[in-house]
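Here is what TrEMBL says about this protein:
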type	residues	note
DOMAIN	A:24-528	domain 'Cytochrome oxidase subunit I profile'
TRANSMEM	A:36-57	transmembrane segment
TRANSMEM	A:77-98	transmembrane segment
TRANSMEM	A:119-142	transmembrane segment
TRANSMEM	A:162-187	transmembrane segment
TRANSMEM	A:199-226	transmembrane segment
TRANSMEM	A:259-277	transmembrane segment
TRANSMEM	A:289-308	transmembrane segment
TRANSMEM	A:314-333	transmembrane segment
TRANSMEM	A:354-375	transmembrane segment
TRANSMEM	A:387-412	transmembrane segment
TRANSMEM	A:424-445	transmembrane segment
TRANSMEM	A:465-488	transmembrane segment
Amino acid sequence: MSTVVGEMDHHDHHHHAPSGITRWLFTTNHKDIGSLYLWFSFIMFLVGGSMAMVIRAELFQPGLQLVEPHFFNQMTTVHGLIMVFGAVMPAFTGLANWMVPLMIGAPDMALPRMNNWSFWILPFAFAILLASLFMEGGGPAFGWTFYAPLSTTYSGDSTALFVFSVHIMGISSIMGAINVIVTIMNMRAPGMTYMKMPLFVWTWFITAFLLIAVMPVLAGAVTMVLTDKYFGTSFFDAAGGGDPVMFQHIFWFFGHPEVYIMILPSFGIVSAIIPAFSRKPLFGYASMVYATAAIAGLSFLVWAHHMFTTGMPVFAELFFMYCTMLISVPTGVKVFNWVATMWRGSISFETPMLFALAFVILFTIGGFSGLMLAITPVDFQYHDTYFVVAHFHYVLVSGAIFSIMAAAYYWLPKWTGHMYDENLGRWHFWCSLISVNVLFFPMHFVGLAGMPRRIPDYALQFADINQIVSIGGFAFGLSQLIFLWLVIKCVRGGEKAPAKPWEGAEGLEWTVDSPAPYHTFETPPQVK
Amino acid sequence: MRTRLITALVAGLPLAASAQSQFNLTQGVTDISNRVYDLHMTIFYICCIIGVIVFGAMFWSMFRHRKSKGRKPATFHENVKVEIAWTIVPFLILVGMAIPATSTLIAMEDVSESEVTVLVTGSQWKWHYRYFDHEVEYFSLLATPRDQITNRLDKGENYLLEVDRPLVIPTGKKVRFLITSDDVIHSWWVPAFAVKKDANPGFINEAWTRVDEPGIYRGQCAELCGKDHGYMPVVVIAKEPAEYEAWITEQETIQREAKEEEQRLLSMSMSMEELMELGERVYLGSCAACHQPNGQGIPGVFPSLVGTEMVKNDIPGHIDIVVNGKNGTAMQAFANQLSLREIAAVVTYERNAWGNDTGDIVQAADVNEYVNQ
């Protein structure tokens, strides 16, 4: 550690950032790379969101109005892929890049050049994926879960591009995860023991291990799809001795930990914001850490709850049902701890807190529907209906994305040096909150009433609710433009932010100036 | 909004509890589907109670423990007893949920002692039913007219939930479904029976039901299976056993006679007009979903039939691909789906429609050679 510090003192005397496009292309600075990730994810959020608008426009009425079913399937597929791999995951990686070094008192990420590369391959991955939509025959149309043999024998030639693009996304994620782990293990400031790390650092630490464990599994799955389609193998083809259900086992062995990859960092964010605006320390820090680890561990034992209808033996169905139900215990602990943190605090309601509170409530609603989905016999009715769509959008949109919004508001003063416009922030919050519920809550109803997911057209009894859902969808999409405007405004100017703009905030990131200088913690702080 | 959401949730309960709700799971018509429904409601209520307690505490804090009311924050940040309690209590609640769930699941998966067996085969985008104890089998296709889907006609009451030939099962008997697929994965789902089972190519899944009320029950394919996944309904008619027996015997006779008729007609020739007329009907029913009504297909996905080498010059190849399909593509073998006459007609139609104008005429006897290869 001391040698590293010594070296820093020799090199980095200039504290101003290089300028021009090369600053961004060649940067190895964790703050620049964090910003790149965050902007990229926001652009992808808008791109994926506009595909959702196409979906909701087509579903506004029964019948086919705007798009053909084949294009509709491409929209649902690419919407899912972009939101998962392009919006949520890079947003978290961006937050990790910005905040982990600041929170543990490190001058930068441990592997800055790899950091540059792990970001800069992402735009290529998504350019390839989006370009495939313009191929003859269109882009991938087999759902983001790309079940074989729909994605092998029966898919179009864009499959090769899809596979290549997923490989690049995976490489980027793995490199990002390695960087987080190495940084946290080696670059904590003196005195920052593991059990003193902020929860955001802890949750990302655990997330990074999940990423390293499962992204190679995804890479294996797409590679088998590639060879089945183009090189005559039969991994998933019964005619050649393979098994299409094996694909689902492999995919969900990646896919379920992936779900937690997209929510654990949220837990960390909310665990920073709720104490700050309750002006009271986080309740049950240690149990929060253990609960996160427990959720991560259990995530490897529940994958087949996505596959109850594939025809598994009863014993397997019971095993996966019990394990899945168990997840609600550590998740419950987290929610109880947040409520206990607020209890007898001194609460104020700035925008980050509003988003964090909405997160707790709406994520918990998603958790409830998750518990219902875990019950195998009832899951037979819920499976592949809009009930599932409602469930995972509650945990991913009003869960993960709301927490990302909360984080953005919480740290914007640190990033830009300006206070954001609180009024606009409230507008963004209330518009998003109302529209997200108009959008996703009624989906529970159509799902229960029997509407399957991934259909471009539906029976007449679903018409009224779909109309409401679509209106909520357009409203939610438009609400995000308020956020874009707010961020641009905040970057360009505004009230000067102090080093610690939030009265109750704690952590090393608030000990440096706002905006955070280009190089921070060249001399490590002493943590007591 | 958050408060209203929860009050709406709670106030909506009596509404949600009604049987054929637009907002809730169907209770269905079988013992199993009722048990599933009860389980669903029980767990829903438990979630509501937990929600009221947790969100209640949260809102209490939000209203009472505000900085704007001059609250000074407490400093406590752990309490081992409380933390153990809220780990153990949820666990016990889960055990309480798992017990009825386990017994229902075991009952659902017990396919023994069935009295009627039907083989259900999914393919893009239709279902095929074959009765095990009778020589009866047929395809079941969406019956909603194309013009309703494209909004040129008003939509009927059972829009997208109607088929040309529904599955017929007897009431009061344990009916076993063997479910498989010819191409991609489909999922056979009838909500009123609480039966949803994936149709996996190359493997056979089992499910069962015992329906007590005669009636028409509608469902849909529940697994994304390609372009027309949304147009693949399931319709089941449950009939009294006597009525069912009469129906199945009649079907057996009809199907046997149709086969004999087919053999007899082999020696007969149809005129170009007859072939074209029948061919167009068959084409629109079985081919147009992929190759499109104008024969031009979808570039890069489904090949065009207009002016191609096969359609212009290769009659044997053309008959062969319709009869036997093409491995590794969505092109199915139609030998079992269409009669010889229909295949002859559709091949003739494709060779002469949309400006192909080859003048070729294909007869049922020509097709028969390829079927019996």
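Don't overthink the numbers, they just go from 1 along the chain as shown.
Cβ coordinates are placed from backbone N, Cα and C, and glycine is handled just like the others.
Looking only at the domain 'Cytochrome oxidase subunit I profile' (A:24-528), the predicted model's pLDDT averages out at 96. Long-range contacts of the transmembrane segment (A:119-142) within the same chain: residues 25, 33, 36-37, 40, 44, 47, 70-71, 73-74, 77-78, 81-82, 85-86, 90, 150-151, 154-159, 161-162, 164-166, 168-169, 171-172, each at least 6 residues beyond the stretch ends and with a Cβ under 8 Å from a Cβ of the stretch. Within its own chain, the transmembrane segment (A:259-277) is flanked in space by residues 84, 88-89, 92, 95-96, 198-204, 206-207, 210-211, 214, 288, 292, 295-296, 299, 334, 337-338, 341-342, 347-350, 352-353, 355-357, 359-360, 363, 392, 395-396, 399-400, 403-404, 406-407, 410, 502, 504-507, which lie at least six positions past its ends and keep a Cβ under 8 Å from the stretch. Residues 350-351, 354-355, 358, 362, 369, 386-387, 389-390, 393-394, 397-398, 402, 405, 409, 465, 468-469, 471-473, 475-476, 478-480, 482-483, 485-486, 489 of the same chain, all 6+ positions outside the transmembrane segment (A:424-445), place their C-beta atoms under 8 angstroms from a C-beta of that stretch. By the Cβ criterion (distance under 8 Å, sequence gap of 6 or more), the transmembrane segment (A:465-488) is not counted as touching the transmembrane segment (A:354-375), fewer than 3 such pairs being found. Through the fold, the transmembrane segment (A:314-333) approaches residues 284, 287-288, 290-292, 294-295, 298-299, 301-305, 308, 367, 370-371, 374-376 of its own chain, all at least 6 residues removed from its boundaries and within a Cβ separation under 8 Å.
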